[in-house]
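Novice: I'd like to ask some things about the structure below.
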Amino acid sequence: MTQPTLFIDRDGTLIDEPKTDFQIDSLEKLKLERNVIPALLKLKDHYRFVMVSNQDGLGTDSFPQENFDKPHNAMLEIFRSQGIEFDAILICPHKPEDNCDCRKPKIKLLKKYIDKKLFDPAHSFVIGDRATDVQLAENLGIQALQYHPEKLDWDLIVEKLLPKTTACKRPPRYAEVVRTTKETDIKVQVWLDETGVNQISTGVGFFDHMLDQIATHGGFRMNVQCKGDLWIDEHHTVEDTALALGTALKQALGDKRGIQRFGFVLPMDECKAECTMDLSGRPYFKFKAKFKREKVGDFSTEMTEHFFQSIAYTLMATLHLKTQGDNDHHKIESLFKVFGRTLRQCIKVEGNELPSSKGVL
């Protein structure tokens, strides 16, 4: 039967992967990833679980089968004891040089699920810590959640996979903005009272990742689709996306009744990023950050300030941002994350009063 399915990697995702030899070949090496059991318990009523793992040289002298079986079976017993079962456990025992057809990201291991159409492509995901897991998802035509114990842990994965709606008795705070110019064609959708998987595609990979940070740390869900004149450069794509996103956020907020309005976060991450925000209806922007590099990936560092300035003016917000550190990638990422965290405070609904003595925001 077709149903939502999670194809889950084992080493580095369900259990810790030792960086010394990348083998869990004894009970002493068996260690569950943090909060994996509570997460799977929350997900099990909504998804089928399928474990998919590459185990290099399994059954050879370099990795005897019995050395694998003891910790593997112990792990399964722990999961079973907590009510967690896997529909299938699919393992490729080959090494990369064997050039087999079943090693991830190839899809032969999942032939049954593909041929019998057992998974719902629109609501199925690959969860894993490696680039091969992301590629597996692409080969299956589904989405990937690249697990990371700090950036995308099991708690955040649950948030993305189990959208939550507001308990307040008010219409959902949703907005859709379409912005078309000679340079760009953009569609932005925001759901301020939901979390879930964000669909973001601008053609600028690093920028996509940064936009996802805003929604993830902002505690809301958004879709951003942009087709821009990237054969020139990414300027119009970044600027126009910011304008559309700011407009969508402003529209979704509606009359702003019950929101906190103010937010601040400091410091955040190793880069000491700081943000203060007021959804005042009066745009103002102040930015302090210096970058050594011209580009991070395919993203011009100078566009960081321009992005936030554009979003502040269409969101009609007072926004102060600054960061300092050594790594330009980390500094830019810290600004997007701290913006999301601060926005999360501002848009949180706590009642029905308008947070202004003027009676309007």
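Each residue, glycine too, has its Cβ placed from N, Cα and C.
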Novice: D9, D11 show up in Swiss-Prot as binding Mg(2+); which entry in D115, D120, D129 does that record put in the same site?
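Specialist: So the Mg(2+) site in Swiss-Prot includes D9, D11 plus, from the candidates D115, D120, D129, D129.
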Novice: Looking at the recorded positions listed here (D9, D11, D129), whose Cα lies nearest to that of C102 (Zn(2+) binding site)?
Specialist: D9
Novice: Counting Cβ neighbours within 10 Å across all chains shown, tell me which of the recorded positions D9, D11, D129 comes out on top.
Specialist: D9
Novice: Other than its own, how many Cβ atoms are within 10 Å of the Cβ belonging to C102 (Zn(2+) binding site)?
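Specialist: So the Cβ neighbour count for C102 (Zn(2+) binding site) comes to 18.
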Novice: Note down the number of other Cβ atoms within 10 Å of the Cβ of C92 (Zn(2+) binding site), including every protein chain shown.
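Specialist: Summing over all protein chains shown, C92 (Zn(2+) binding site) has 20 other Cβ atoms within 10 Å.
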Novice: With D129 (Mg(2+) binding site) as the reference Cα, tell me which of the binding-site residues C92, H94, C100 is the closest one.
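Specialist: Checked the binding-site residues C92, H94, C100; minimum Cα distance to D129 (Mg(2+) binding site) goes to C92.
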Novice: May I ask which residues of the same chain, at least 6 positions away in sequence, place their Cβ under 8 angstroms from the Cβ of C100 (Zn(2+) binding site)?
Specialist: C92, H94, K106, K108
Novice: Using the Cβ centroid of C92, H94, C100, C102 as the reference point for the Zn(2+) site, which residues of the same chain not in that list have Cβ within 8 Å?
Specialist: N54, P93, D98, D101, R103, K106, K108, L109
